[in-house]
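J.: Okay, handing you the structure first.
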Amino acid sequence: MKGDGMLIFFALLALASSFATAYDPSPLQDFCVGINDADSAVVVNGKLCKNPSFATPDDFSYSGLNVPGNTSTQLRAHVNLITADLMPGLNTLGVSLARIDFEPDGGLNPPHYHPRASEVLLVLEGTLYAGFVTSNPDHRLFSKILKPGDLFVFPFGLVHFQMNVGKTPAVAIAALTSQNPGVNTVANAIFGANWPINSEVLTTAFHLDKKLVEDLQSQEWVNPS
């Protein structure tokens, strides 16, 4: 009986854990500081919901992904990410979409990761070099040259990139598994942090000369959007 009781206990514990997991959604923001004052609170994990009686087809549609983005930027690329802010019907559905435009010969969506999503990339035009790097300790690079019609998947939370290696403009569509996937561009986060990270930290971590680190920190770091 004692053994049976332990089995029942662990079964109930597992069942409770599964309910807790199903009930508590994944975070859609970087952090959420607990607060007791309702007047100072904000909505998290989505938006307030419109009365279904007032919903229209416009809530579930978006026009404009046929329009090329402005690639006259430092990185010569542009990302147009469609989230629930632009397409309200995406709210709570756990998906979003992006169009990425690249200039020829080096237009770059730089190394970055999505803290709340995995991603599937579909190349529509041009030739892209795309890849991702696995986490510690292996840091394996998985990369391919992609052409129109090719797909590539970037696993949840891993650093990845795309670069146009062709002589013509490139266009890709990315589908992400969150209505608010978040983007953390590695170089921007490291060298463009606000406030700046102590240069000694970066000098040691990246095996760089301190003067080079300080020069990098003094530059303007922009995102491809």
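Even glycines carry a Cβ here, placed using N, Cα and C.
This is the feature table in TrEMBL:
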- 1-22: signal peptide (SIGNAL)
- CYS32-CYS49: disulfide bond (DISULFID)
- 63-214: domain 'Cupin type-1' (DOMAIN)
- ASN109, HIS114, GLU119: oxalate binding site (BINDING)
- HIS112, HIS114, GLU119, HIS160: Mn(2+) binding site (BINDING)
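Context for these features, please: burial, neighbours, distances.
T.: Taking the Cβ of CYS49 (disulfide bond) as centre and 10 Å as the limit, one finds 10 other Cβ atoms among all the protein chains shown.
Within the same chain, residues at least 6 positions away in sequence whose Cβ sits under 8 Å from that of ASN109 (oxalate binding site) are LEU75, ALA77, VAL79, ILE100, PHE102, PHE161, GLN162, MET163, PRO224.
Counting Cβ atoms from all protein chains shown, HIS114 (oxalate binding site) has 22 others lying within 10 Å of its own Cβ.
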J.: If you draw a 10 Å sphere around the Cβ of GLU119 (oxalate binding site), how many other Cβ atoms fall inside it, taking every protein chain shown into account?
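T.: Taking all protein chains shown, GLU119 (oxalate binding site) has 22 Cβ neighbours within 10 Å.
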J.: Which whole-number value in Å describes the distance between the Cα atoms of HIS114 (oxalate binding site) and CYS32 (disulfide bond)?
T.: 18
J.: CYS49 (disulfide bond): which of the binding-site residues HIS112, GLU119, HIS160 is the nearest Cα neighbour?
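T.: Out of the listed candidates, the nearest Cα belongs to GLU119.
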J.: Taking the Cβ of CYS32 (disulfide bond) as the centre, how many other Cβ atoms fall within a 10 Å radius?
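T.: Around CYS32 (disulfide bond), other Cβ atoms within 10 Å: 11.
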J.: When neighbour density is defined as the number of other C-beta atoms within 10 angstroms of a residue's C-beta, which of the binding-site residues HIS112, HIS160 has the lowest density?
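T.: Output over binding-site residues HIS112, HIS160: least Cβ neighbours within 10 Å is HIS112.
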